[in-house]
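Below is one structure; the comments refer to it alone.
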């Protein structure tokens, strides 16, 4: 496939190869001087944590393509997208002496698109003021651990798992977290690390029409309706609508507000699902380029859903510009009815951006002459966020950024409290009416604020900016017609973005006249490939969010994981379809004896199945294709075979893969490809459970097992793949390969 705007850059790969030993030196320094002290300070149980060996490996990172943006960019910046791939034979060993625990990493893989921004461009050498690096979306990350079980038994880590650890690492690589390298001293590092968002996208998720009916009765004979809900995603901000029961023309009338930090490159992604007790069915998707929304400012139209035969979605999208003055504030307040509503409820008229720098001369807390473990609680109305903890210091430096959506800045306050995490007591607080910001130059204050109920000279240093959200509707001729540019799925379903069903609490149903923005949830749960409309073998983490707290800025750099945030959904075993039941095997053996009836059966009495098995590291999936031949006849008319698969030990309904039924044949051709979302190290610990079954007709008794196959996947050849014929047996044991 040729992408005209993406170019190969072999010269860059040669340069990286030459620089690789020095890049590795930098990474080792980063691990020892930054990561190791941070881990030690994070928890008293980890105070003896250390890296005993750090070897990133001799295989350099590879850049597969480069795209340079020339449109819709500031003249004082250069934006590059690098398609990077790193498959390293890294060796990183760590030790926690206190618990005699040793663990490590044997290999690391990372694949994704990294954005590089060179800004600001200046008129003196070196021409570039600073370099910023980040990922627009979560990269595909694989880590092959050693001794992980021992590590997760350590107090303080026992609520984690390998998938949660991968999610934590991935989220720290994704916007708005970024690595900034200043090249000249004049560049304001805080401004580069935490830039003001490019805009706010207000999404009116209104209604849908003519959706597919997924709920069926009497084994599919009677078509029913669906219970539709939507997943809306902008970057790593996720919103979930309420579920409308038994309706193919649902009306949600919900509104969401999302921050947009980077464009070009970000899209609005929407997917509709039918809620079911076991697995939610896919009802269609939509991707809209945010550049188009920004140009139009206001779009209100029906969009045809992709990847389904029918269905339309009605959206109203507003692009809100962040204005550094209050000229339009009264007009904005009237438009969102903020003059009539409660001060803390409803749509936003402004965005509060806060840079928390540091504090000085904090009191000791409960114990005299002992340094506290300070953190900062910030709240605006019902929304609250907290900073990271800084350990054993009365002069903490946080350098963190926060954002709050503000309903009415004339009535609301910013409340700041510094607390000692160790003794759970207050170290000082202050309240700032946001109306003071309205009177400040550029609606910005940058100063040390004196703390009340604290030490005599206790201060906190913050930069606070208010930005009014303005629609700035463009004037158009009456005959002007425009439809937003909808990004269609690529020709390959494999390239389609993963989607998922995050278990998030649904906000109370808002009225369109007085909508309440729902809270987003950070995109960190295990994703489900809906191109095949199936769930991965791993249970999706269930997110629980306290609705009284703001999660509108969970995507910001102050995001941190806690095991208490996660509650894994209980798996649902699929007992009815499990052909490994002893009775099914017993019936098949009896049938074999009837077929034999004194004669000698051939080498493959139950027939054979051909499997093509391969693991795709790019897609992070195990891919399986198969054909059958010489199956046994289940009745005089032959058999109605189909194949079902599990990736053991997962035998939940959502982990099952099943073909269509091929009627009256002993040599079925299914012409279907199945995949399981699983990493290569994980799949090598699994077993593929394949069963060929006879369907029979509706309410037929002619149902049962035609043969079974169990294949351990602990093979080094899995990445390359193989194709082979296997003998089917009654219980799946001792499969014999056949050329």
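Any Cβ shown, glycine's included, is placed from N, Cα and C.
Straight from TrEMBL, the features:
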- 5-184: domain 'SMP-LTD' (DOMAIN)
- 183-303: domain 'C2' (DOMAIN)
- 328-453: domain 'C2' (DOMAIN)
- 474-549: region 'Disordered' (REGION)
- 523-532: compositional bias 'Basic and acidic residues' (COMPBIAS)
- 533-547: compositional bias 'Polar residues' (COMPBIAS)
- 554-573: region 'Disordered' (REGION)
- 605-726: domain 'C2' (DOMAIN)
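Note on the domain 'C2' (605-726): DSSP counts are 10 helix, 63 strand, 49 coil.
Mean model confidence of the domain 'SMP-LTD' (5-184) amounts to 84 (pLDDT, 0 to 100 scale). As a summary of secondary structure, the domain 'C2' (183-303) carries 12 helix, 59 strand, 50 coil according to DSSP.
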